[in-house]
Structure formats: C-alpha cells, structure tokens
Amino acid sequence: MKARLLVLLCALAATDADTICIGYHANNSTDTVDTVLEKNVTVTHSVNLLEDSHNGKLCRLKGIAPLQLGKCNIAGWILGNPECESLLSERSWSYIVETPNSENGTCYPGDFIDYEELREQLSSVSSFERFEIFSKESSWPKHTTGGVTAACSHAGKSSFYRNLLWLTEKDGSYPNLNNSYVNKKGKEVLVLWGVHHPSNIKDQQTLYQKENAYVSVVSSNYNRRFTPEIAERPKVRGQAGRINYYWTLLKPGDTIMFEANGNLIAPWYAFALSRGFGSGIITSNASMHECDTKCQTPQGAINSSLPFQNIHPVTIGECPKYVRSTKLRMVTGLRNIPSIQSRGLFGAIAGFIEGGWTGMIDGWYGYHHQNEQGSGYAADQKSTQNAINGITNKVNSVIEKMNTQFTAVGKEFNNLEKRMENLNKKVDDGFLDIWTYNAELLVLLENERTLDFHDSNVKNLYEKVKNQLRNNAKEIGNGCFEFYHKCNNECMESVKNGTYDYPKYSEESKLNREKIDGVKLESMGVYQILAIYSTAASSLVLLVSLGAISFWMCSNGSLQCRICI
C-alpha cells in the first residue's frame, strides 16, 4: 500500500511538462467601440470617423479669402448701399460671410422681389466683374440722374445706391425713355432695377410730371410691366414712399430693354458672374484670421480628412458629412482583455480564452512557450500581417465610400414661404436621420465583423497547432497544449512556423502517454482500496456506537429487551 501511494505522489510531482499556448495581443488602451450586440467594448486599436472639433475662426478657403460683408447684408452689398461702399472693390472670394445682425440692406424702404432666390444664385458665384451697364452721363440725357434721399444718407448728406440711378424730371419734363443692353460678356449678367411708389399724387407729379406712369422690362426670359401704386403708408426711415427692387439674369447674347414714362430706378452697374464650385453664403459671428482650411463652417474651420462631422450642418468647401452622432469609432484591433499573468499547477500562462497578453508587443496573434530552456512570447507575423492588410483595406474603403466631400448650404425662404420652409426642414431632418442611422449602423456592423474576424484568426491559429501536434500533446485549456515529449526551442519554433515533425516525437510521446495512463490505473487501485477500508471502518464505528447506546438505555429502564426462545 505504501509503495502504491509513493508511485502516485512521484507521478504528480513529475508532470512539469513543456507547454505552448496560443493567444493574442493586449495593451493598456482604453478605446471603446460599439457593436451590434455590445456597447463600450474595450479594444486594443481603433480609428475615429467623427470630427467634433473646429478652430472657431474664419479662414481662407484654399488660399482665397472670404468676402466679409460686415454690417451689410447681401441686398446692401449688391444694390450698393452707401454704407457698404467699401465692398464695391471686391471682385473674388471663396465664400460670403454675413453677420446675424447686419443692419445695412435696402436703405430706402420697399420689397426686394425674389431676394431669397438671388441669394441662392449668388451663393454659387465666386467672382464677378462690376461694370457700367448704362452710363450716368450719356444714357439718360433727357432725365435727371442725380436723385438722392435722406434714407440713404452717407457722411451726413443725402445719397443713393451706388449701382442704381433714380431718374427724375429734367427742365419740367419726363419724356418716355427707351434703352437696351446686349450681353456681350460671354457669361451671365446680373441686372438690377427698381420701381418707385410715391405716397401721394403731388410727389408723383413733382418727380415724374404725370399721374399715370408705367415701367416695362423685357428680355428673352423676362417680361413684366409695372404700374406705380400711389398710396399713403407708414413712414419707414422717414419715408412714406416705397421702392420695389427687381433683378434678372441675362444670358450671353441676350438683350434687355427698359421702357418707361416715369418711376424707373434704372440700372447703373451690372455684374458679369463667374460661378465656382465650393462657394456659398454663411451667417457667422466668427472673426477672420490668418489661416487656411479646406472646410469652413459658421462655427469655425475644420481641418480633417474624416468622413463625418457633428459640428454644423452648413459647410463650405470639401467637408465631412454632417451627422447627429456623438461617437463613430471603428475597431481595427482586438478586444482588449489583458489576462492576469499568474502561474498555475503546470506554470501555464492564461491564453486567449481568459484574455490577451500584454507581453506580446510585435503582433496581434502569437504564441507563448515554456520548456527547460525558458519561456517567451512570439508573434505569428503572417496571420498578423494578413489581418492588418485586410482591416486597413476595409477601413480605407469605408472612409473612401462615405467621405464624399462637399458644400452644404442652407436654403433660402422668404417670410411668405414658412410652410415650405418648415416642410423643407422636415425633409432635411429626415435625410439627416437616415445619414446618421446609416453611418452608425455601418460602424456597428463593421465592428462586429472585425471582432469576429479576430476571434476566427485566433481559432485558426489554435487549430493549426492542434493539427500538427495531434496526440503528441494534450489540450489543457486556456488555448494551451502540454507536450508528451520534450520540446526544446528548435522544436517550439517548428510548431510556430508549421514545420513540426510529428513522426520524430511520436514514439517518445507514446511511451510517456502509456506511463501517465499506467499511473492513472495505479492511482485508481489505491483509491479503491482506500474506499473499502474507509467504508468498513465507518460501519464498525456505527455498530459499536449503536450497541453502547442500547446497553445504556437498557440499564436505566428506558429500553426493555426481551429474548424469546
């Protein structure tokens, strides 16, 4: 019996066998990603797809400065409000900047017809040529061209728009006028004019020498006849009269004709337009700085190659797509679950089931071995590189497909188009929700696939080792194998590179397996003997105890015993 127990203890003491484990990289990263099934999964590596920062500045766009309207708005600039005179020299720009509270627009009160459409047209213009369409000195010889008003005062004196002429009577007469212009600029020409509506007949007769007047404007695409509406109105900027402002785009080679017998606010300067990709109009209080950018928002410039941003829906230039997301992070590495580096009964290192290895820094997947010569980590470079190439190509493909750089400007609606504006906002919100949903779903799905891909690669590496070793080693859990033979560093390297010589070690493994199996049988015999002795001893103790209790109870009369023959 003693000999058998000694054999068992010796066998248990001699099982410090060589081992090899398959596992994956872990590090101290705190990056988290979301997948379809999980949230906030900690991973070793990831890339951010969502830009959420800007510099708070207005910058040059591709080296070209914006047109800052300052205290003027589009109307004041394009009509030539005297307070916007400094803008008359501007010829080109990358984008146009209005401030939210610009005060200088139409100085003489009235309606700017189709103003929102004009803003939309100008948002795609990157430069223009301002030229005299009708000469102030020679085009209207029978009319006075110096009409001014206190509503458009400048430097304390009455003045008028720098791009329009207020034609009035001359020497007590206002003869019919008829003038035309042929567009020979080779590009679209923006022409502006106005129609004056006095507040009373007296002003009408004083200015135009007649009570009934008309204005006619005709081109190949435009044909309107205007009749002044004479009526008392509340004073605005000290004026009871009104001027309605009009515009049209004249195509190359087209002719525009003006005919009137009063009340015409005639064109003086017009604009030959040059359209450019990426221009636009933004409303911003940000200040201009010495900086360059490829993407400008009202909040500030964005310098990013990421496919998405959540800064502002209005963008100028080559900009990421706006989404409402707060996080779009795509995993490129593995689940980051560093294992507790503890030694077990056989000195095994926790493998890929329990967690990754922070000690393996030169690859994503690899091995940890232990033998008489020592222990160490080694990455499987081939599987790691294949995974890196595949994931890099996938990330680049996703970014390329989603990274459609473009300008997104707000649409213009006037006060009478609120229903249309509200409908447009709902449609835009719907598209924005779809874009946001698609972006988030894409990232969730790709993250799930990437993590599954890594799990599959680790499993494939495990199966590769298992298929080589076959019954020359046994699986001991945690991604580890215990050899039935001695495996030095050369042997370990052959397992890692796939050249393990199974027949070379099969005989030694067979003998060691038989020894271990024999020890198991011997130990089974020992356990059976111990079990029999234990059962017999327990039964004997129980019988003696029962006899003693019975004798005591009989002696004090608690139990009566009768023997019948």
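A Cβ is built for glycine as well, from the same backbone N, Cα and C atoms used for every other residue.
Quick look at what Swiss-Prot annotates:
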- CYS59-CYS291: disulfide bond (DISULFID)
- CYS72-CYS84: disulfide bond (DISULFID)
- CYS107-CYS152: disulfide bond (DISULFID)
- CYS295-CYS319: disulfide bond (DISULFID)
- CYS487-CYS491: disulfide bond (DISULFID)
- ASN27: N-linked glycosylation site (CARBOHYD)
- ASN28: N-linked glycosylation site (CARBOHYD)
- ASN40: N-linked glycosylation site (CARBOHYD)
- ASN104: N-linked glycosylation site (CARBOHYD)
- ASN178: N-linked glycosylation site (CARBOHYD)
- ASN285: N-linked glycosylation site (CARBOHYD)
- ASN303: N-linked glycosylation site (CARBOHYD)
- ASN497: N-linked glycosylation site (CARBOHYD)
- CYS554: S-palmitoyl cysteine (LIPID)
- CYS561: S-palmitoyl cysteine (LIPID)
- CYS564: S-palmitoyl cysteine (LIPID)
- 1-17: signal peptide (SIGNAL)
- 18-528: topological domain 'Extracellular' (TOPO_DOM)
- 550-565: topological domain 'Cytoplasmic' (TOPO_DOM)
- 529-549: transmembrane segment (TRANSMEM)
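A distance of 17 Å separates the Cα atom of CYS291 (disulfide bond) from that of ASN285 (N-linked glycosylation site). The shortest Cα-Cα distance between CYS72 (disulfide bond) and any of the recorded positions ASN28, ASN104, ASN178, CYS295, ASN303 is the one to ASN104.
Most Cβ neighbours within 10 Å among the glycosylation sites ASN28, ASN104, ASN178, ASN285, ASN497: this distinction goes to ASN104.
For ASN303 (N-linked glycosylation site), the nearest neighbour among the listed recorded positions (ASN104, CYS152, ASN178, CYS491), judged by C-alpha distance, is ASN104. Only CYS59, of the recorded positions ASN27, CYS59, CYS107, CYS487, CYS491, ASN497, have a C-alpha within 10 angstroms of the C-alpha of CYS295 (disulfide bond). There are 24 other CB atoms within 10 A of the CB of CYS84 (disulfide bond), with all protein chains counted. Of all the recorded positions listed here (CYS84, ASN104, ASN285), ASN285 has the Cα closest to the Cα of CYS59 (disulfide bond). Among the recorded positions listed (ASN28, ASN40, ASN104, CYS319, CYS487), ASN104 has its Cα nearest to the Cα of CYS84 (disulfide bond). When the recorded positions ASN28, ASN40, ASN104, CYS152, ASN178 are screened for a C-alpha within 10 angstroms of the C-alpha of ASN497 (N-linked glycosylation site), no residue qualifies. Summed and averaged per residue, pLDDT over the topological domain 'Cytoplasmic' (550-565) gives 55. In sequence order, THR32, VAL33, ASP34 make up the list of same-chain residues 6 or more apart from ASN40 (N-linked glycosylation site) whose Cβ falls under 8 Å from its Cβ. In the three-state DSSP reading, CYS491 (disulfide bond) counts as helix. Each residue contributes its Cα atom, and for ASN27 (N-linked glycosylation site) and CYS152 (disulfide bond) those atoms are 70 Å apart.
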